[in-house]
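Report on the following structure.
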Amino acid sequence: MSVPANVPILTSEAMRAAEAACAASGVSLSELMDRAGAAIADIAWRMAAGSPILILCGPGNNGGDGYVAARLLAERGAEVRVAALADPATELARAARALWTGAVEPLDRDLAPAALIVDALFGVGLSRPLPYELIENLQSLAGRRVLAVDVPSGVASDGVRDWSPPLPADVTVALGALKPAHVLLPTAPHCGQVLLARIGIDAGGTMRTLPSVSSTKPDVAAHKFSRGMVLVRAGPMPGAAGLASAAALRAGAGYVVLSGSDHAPFSAIIAEDGAGYADRLGDARIGAVIVGPGYPVSDALDDDVMAALDAGKPLVLDAAAIAAALPRLHQLDGAVPAILTPHEGEFARAFPGLSGSKIDRALAAAAFAQAVVVYKGADTIIAAPDGRVVAAWPGSPWLATAGTGDVLAGACGAMLARGGDAFDAAVAAVGWHIARAARIGPGLVADDLVADDLVRECND
Ligand SMILES: NC(=O)C1=CN([C@@H]2O[C@H](COP(=O)(O)OP(=O)(O)OC[C@H]3O[C@@H](n4cnc5c(N)ncnc54)[C@H](OP(=O)(O)O)[C@@H]3O)[C@@H](O)[C@H]2O)[C@@H](O)CC1
Ligand SMILES: [K+]
């Protein structure tokens with residue numbers, strides 16, 4: 001499973017607007033369909049490697065793409081068959097089918113499979129679950145390689161509904177832009193390897209996949225404070241704050257203070273008595289404060305969160321600190337740069353009653369809090385109050401273990417303490433976290449993410 005780095009993601013509504021803009025600039029929808037069909041034919045040709053191909057065509061333009069691909073594959077000498085669910089219902093699909101000179105078989109229970117199945121039944125126009133009979137017929141074709149056109153049929157492309165496709169894809173060719181379903185659970189794993197065929201659409205937009213991680217070398221004139229100073233406030237479980245402080249150092253902070261714990265994991269971390277917290281918040285050199293790791297709901301947490309908010313420092317709020325800060329953050333209306341890092345349960349507690357896809361909910365939460373939200377999970381979404389979104393699918397499954405969230409909070413603190421945009425800092429931290437996890441893989445425990453042998457390996 002993979003998606004290309006740093007490419008646009010569009011909802012079906014935004015996709016239609018992009019198509020319309022394309023048409024207005026002189027590129028017809030028919031031309032776009034030809035380009036889509038050509039991209040699919042190229043990939044199908046490579047996947048089939050000479051074996052027979054069966055293309056399943058639906059009634060809309062997704063089916064139209066399938067007919068174009070069938071024609072181009074046949075022209076290249078591929079052994080290709082077409083089966084249709086229904087007659088074409090759009091002008092473009094009718095025109096594409098008219099140019100297909102081969103037979104069109106019915107898509108029923110007697111349909112013989114082929115080594116490669118191209119699924120061009122439904123794309124962004126799917127408006128309801130698939131009929132039961134079709135699901136059964138498709139399931140009888142399972143077990144072959146499947147190439148999905150735009151999205152695996154049966155998937156709701158905007159990621160609002162969790163419909164699963166009866167024919168999960170090995171490869172999905174996203175047309176023009178990726179769609180939310182390619183990067184959100186539960187649909188993303190059904191898309192296999194997602195490739196983007198740009199087909200000349202200017203997909204601009206504010207949603208993208210995670211960019212590749214670039215290592216940022218300190219400035220030649222750097223000193224420890226210019227690289228960013230981070231204050232981590234420990235709660236009753238100081239191990240979590242210790243992990244966050246170690247991660248902040250590893251992620252590039254030049255100076256890290258751990259307040260309220262004498263369990264500093266590295267000698268380079270300044271462990272301080274908790275009584276000095278208020279004074280430290282007044283330290284002008286501090287570039288980011290982290291509150292929340294290992295700190296359950298309590299009056300003390302509320303006090304520490306309020307003190308940090310009142311100090312006006314850029315903040316990373318994790319776990320119970322998120323709900324504790326929310327009313328005040330909302331009032332502050334973005335005056336304090338903040339990154340919130342909730343997992344599913346924390347998100348539901350802090351932002352009850354939101355609806356829509358995970359992207360919609362992350363955006364609504366960011367707008368309410370006027371803060372950057374890193375809505376964690378295997379399909380982490382980073383959302384900014386101004387509407388920017390980065391989707392981090394697929395993360396690393398090895399991160400599903402205790403303490404990795406504390407490490408992410410620490411990395412967010414390091415990136416935020418450098419100064420600059422909180423959204424960019426959160427994106428860099430998520431990329432750093434996933435890249436390190438990918439290096440470790442099986443057996444990962446959170447401490448490994450901050451271990452020195454990994455530093456040596458990463459520097460090899
Ligand atoms: N982006 C681009 O620039 C380009 C996009 N292109 C392609 O166009 C695709 C979108 O095409 P599209 O809008 O025609 O929708 P599509 O997915 O084919 O399905 C709509 C049809 O399905 C029907 N239908 C819906 N649900 C159903 C159900 N459960 N069970 C049964 N029927 C159901 C629906 O009928 P209705 O709901 O009206 O009854 C309608 O007839 C897009 O994904 C991409 O592949 C390229 O060609 C060119 C460039
Ligand atoms: K499809």
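Counting starts with 1 at the first residue shown.
Using the three backbone atoms N, Cα and C, a Cβ is placed for every residue, glycine included.
According to TrEMBL:
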type	residues	note
DOMAIN	15-207	domain 'YjeF N-terminal'
BINDING	ASN61, ASN62, GLY63, GLY64, ASP65, GLY123, VAL124, GLY125, LEU126, SER127, ARG128, PRO129, ASP150	(6S)-NADPHX binding site
BINDING	ASN62, ASP119, SER153	K(+) binding site
DOMAIN	207-460	domain 'YjeF C-terminal'
Any further residue of that chain within 8 Å (Cβ to the Cβ centroid of ASN62, ASP119, SER153) of the recorded K(+) site: LEU56, GLY58, GLY63, GLY66, ALA120, LEU121, PHE122, GLY123, ALA148, VAL149, ASP150, VAL151, PRO152, GLY154
Cα proximity to ARG128 ((6S)-NADPHX binding site), best match among binding-site residues ASN62, ASP119, SER153: SER153
Listed binding-site residues adjacent to ligand 1, that is, members of ASN61, ASP119, LEU126, SER153 whose C-beta is under 6 A away: ASN61, LEU126
Binding-site residues near ligand 2 among ASN61, GLY63, ASP65, VAL124, LEU126, ARG128 (Cβ under 6 Å): none
Distance [Cα-Cα, Å, rounded] between VAL124 ((6S)-NADPHX binding site) and SER153 (K(+) binding site): 9
VAL124 ((6S)-NADPHX binding site), number of other Cβ atoms within 10 Å: 25
Spatial neighbours of SER153 (K(+) binding site) among the binding-site residues ASN61, ASP65, LEU126 [C-alpha, 10 Å]: LEU126
Separation of alpha carbons, ASP119 (K(+) binding site) and ASN61 ((6S)-NADPHX binding site) (Å): 13
Spatial neighbours of ASP119 (K(+) binding site), counting only the binding-site residues GLY63, LEU126, ASP150 and Cα distances within 10 Å: GLY63, ASP150
Cα distance (Å, whole number) from ASN62 (K(+) binding site) to ASP150 ((6S)-NADPHX binding site): 8
Integer mean pLDDT for the domain 'YjeF N-terminal' (15-207): 96
Cβ neighbours of ASP150 ((6S)-NADPHX binding site) where a neighbour is any other Cβ within 10 Å: 29
